[in-house]
Amino acid sequence: MTHRTIHLFRKGLRLHDNPSLVAALESSAAVYPVFVLDRAFLEGATRMGPLRWRFLLQSLRDLRDGLAALGSRLHVLQGGHEAVLRRLVRRWGVTQLTFDAEVEPFYARLDDGLRALCQELGVLVRSCVAHTLYDVRRIIKANGGEPPLTYKKFLQVLSVLGEPDKPAREITLQDFQKCKTPVDDGNDEQYRIPSLEDLGIEVDLEVLWPGGESEGLKRLEKHFESQGWVVNFSKPRTIPNSLLPSTTGLSPYFSLGCLSVRSFYYKLSNVYAQSKNHSLPPVSLQGQLLWREFFYTVASATPNFTKMAGNPICLQIGWYEDQAALEKWRTAQTGFPWIDAIMTQLRQEGWIHHLARHAVACFLTRGDLWISWEEGMKVFEEFLLDADYCVNAGNWMWLSASAFFHQYTRIFCPVRFGRRTDTDGQYLRKYLPVLKNFPSKYIYEPWTAPLEVQQEAGCIIGKDYPQPMVNHQEVSQRNMALMRQLRSEQEGTAQLTRDVTDDPMESGVKRDRQDSGPSEDASEKLERANKRFSPDGDCKAQSVSWTSDPIRLPELSEGVM
């Protein structure tokens with residue numbers, strides 16, 4: 001225990017399951033917890049909107065308080081990573097740098113720079129995997145050096161690897177008593193967490209998702225109070241337009257690492273072990289974590305994963321370039337209340353249900369507007385609290401049928417889909433108050449209401465609320481024909497991410513229809529893989545009937561809850 005160590009916080013903004021920090025404490029005489037607020041790096045890597053900036057600053061304040069309770073402190077400094085760390089290494093006599101390993105290309109470039117700096121300064125570097133269940137390099141190696149490009153293949157690889165590593169041990173007050181954080185005689189002002197005003201960011205929207213480890217753990221424990229809900233959770237059964245989230249709402253906390261996916265995984269395993277019957281991957285809660293892991297794995301080894309051009313697994317599609325149409329979708333002015341209500345909630349709250357994400361993504365891309373998934377990905381990246389490089393891009397490729405998903409004839413109806421679970425339109429009335437006085441009969445299609453009904457509702461369509469920007473039936477049929485043609489022309493690319501059997505979201509789920517199934521060997525392998533990630537290998541999957549809507553899809557962005 002001779003090192004003087006900087007532990008560099010990045011996305012792992014938590015004290016539970018923090019193996020890199022544990023390693024620092026166990027090998028050092030002094031540890032300095034540091035967060036470098038490198039605004040150029042953060043905004044260059046992702047489009048961070050005001051809500052996500054607020055969530056980040058709240059998470060830092062919570063981390064600061066957690067460290068203070070253990071007798072330590074968080075040092076927050078603004079500037080470039082390399083310049084800040086070079087200054088701190090010299091000032092504090094640092095001999096070791098610890099941080100969590102990340103998979104995104106911008107983190108890989110940053111890490112290369114930090115390692116080169118540390119080599120120059122004679123500083124040891126130690127990093128651990130903590131943001132994913134597995135070291136994704138192990139998954140790729142076990143698959144012959146290539147990422148598994150289908151969920152079924154991915155599960156088969158995991159069945160060989162075994163369970164993920166257990167969470168790191170708890171960090172205690174005794175750790176920081178043995179390995180103190182020295183008091184810096186410098187000006188404390190230079191280490192404080194800036195405010196939104198300091199950063200020139202304005203946001204006056206209500207805080208519905210407070211950032212930080214404490215809030216994430218509190219929400220996690222609340223869900224585990226109802227073990228029946230955990231056991232029976234099935235992704236397709238959650239409701240996209242309920243006024244309160246019907247999923248866990250934990251994805252923002254996983255995105256910044258305020259919550260540990262490994263801790264969640266093993267808490268689920270413990271609950272499942274006590275139940276004879278529970279939902280299975282991919283629709284179970286544990287299955288959602290594995291979807292996240294799948295996209296992290298594929299993204300880590302796929303060039304240009306967040307782009308169409310130069311992306312070897314993505315169909316090359318001649319999307320329309322229509323800035324006016326894109327802006328209408330972005331600003332909730334499409335004229336379809338279900339779509340506009342979702343986009344309004346997105347801007348106001350920074351979160352929408354995964355099926356709502358599916359609906360607006362399909363509308364923008366292959367369903368109605370035929371605009372590139374990259375444009376939608378950028379909007380989600382800006383507004384979502386759970387924005388994530390790997391899962392956001394993966395799901396946008398999925399929903400646009402550019403990769404992973406191949407049932408391109410399944411298109412969300414921007415009228416019927418929302419009405420199915422909220423016939424009275426309470427969700428629409430909340431997020432589109434201009435329509436709140438419309439009778440339920442017309443609220444999903446207000447343009448069909450007689451003029452006298454519009455007048456009585458105080459909203460004239462075409463004046464107070466826009467007409468539908470497209471004829472859904474016509475454009476969806478046209479787009480399906482376009483997709484059919486280009487998939488035929490690019491069959492080789494399409495097959496790269498296509499399972500040899502059926503829709504991967506149906507694995508481990510009973511269906512009411514008869515399909516030509518996989519070969520016996522493939523079926524047996526898949527069954528073993530699914531059981532591998534269910535502690536009770538003899539359990540029965542929850543029955544989920546087939547519907548015309550593609551509701552068995554992973555969540556856009558964080559991928560879980």
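Glycine residues also receive a Cβ, built from the backbone N, Cα and C atoms like all the rest.
Copied over from TrEMBL:
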{"type": "DOMAIN", "residues": "3-133", "note": "domain 'Photolyase/cryptochrome alpha/beta'"}
{"type": "BINDING", "residues": "247-251, 288-295, 386-388", "note": "FAD binding site"}
{"type": "SITE", "residues": "W319", "note": "site 'Electron transfer via tryptophanyl radical'"}
{"type": "SITE", "residues": "W373", "note": "site 'Electron transfer via tryptophanyl radical'"}
{"type": "SITE", "residues": "W396", "note": "site 'Electron transfer via tryptophanyl radical'"}
{"type": "REGION", "residues": "487-561", "note": "region 'Disordered'"}
{"type": "COMPBIAS", "residues": "522-539", "note": "compositional bias 'Basic and acidic residues'"}
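Between the listed recorded positions, namely G249, L289, W291, W396, the fewest other CB atoms within 10 angstroms of a CB are found at G249.
Taking the Cβ of E293 (FAD binding site) as reference, residues of its chain lying under 8 Å away and at least six apart in sequence are, in sequence order, T132, L133, Y134, V136, I139, F154, V261.
Across the domain 'Photolyase/cryptochrome alpha/beta' (3-133), DSSP classifies residues as 65 helix, 33 strand, 33 coil. Sequence-distant neighbours of W373 (site 'Electron transfer via tryptophanyl radical'): residues of the same chain at least 6 apart with a C-beta under 8 Å from its C-beta are M308, W319, A361, L364, T365, W396, M397, L399, S400, S402.
Every protein chain considered, the tally of other Cβ atoms within 10 Å of the Cβ of F295 (FAD binding site) stands at 25.
Among the recorded positions S251, W319, A387, the residue whose Cβ has the fewest other Cβ atoms within 10 Å is W319.
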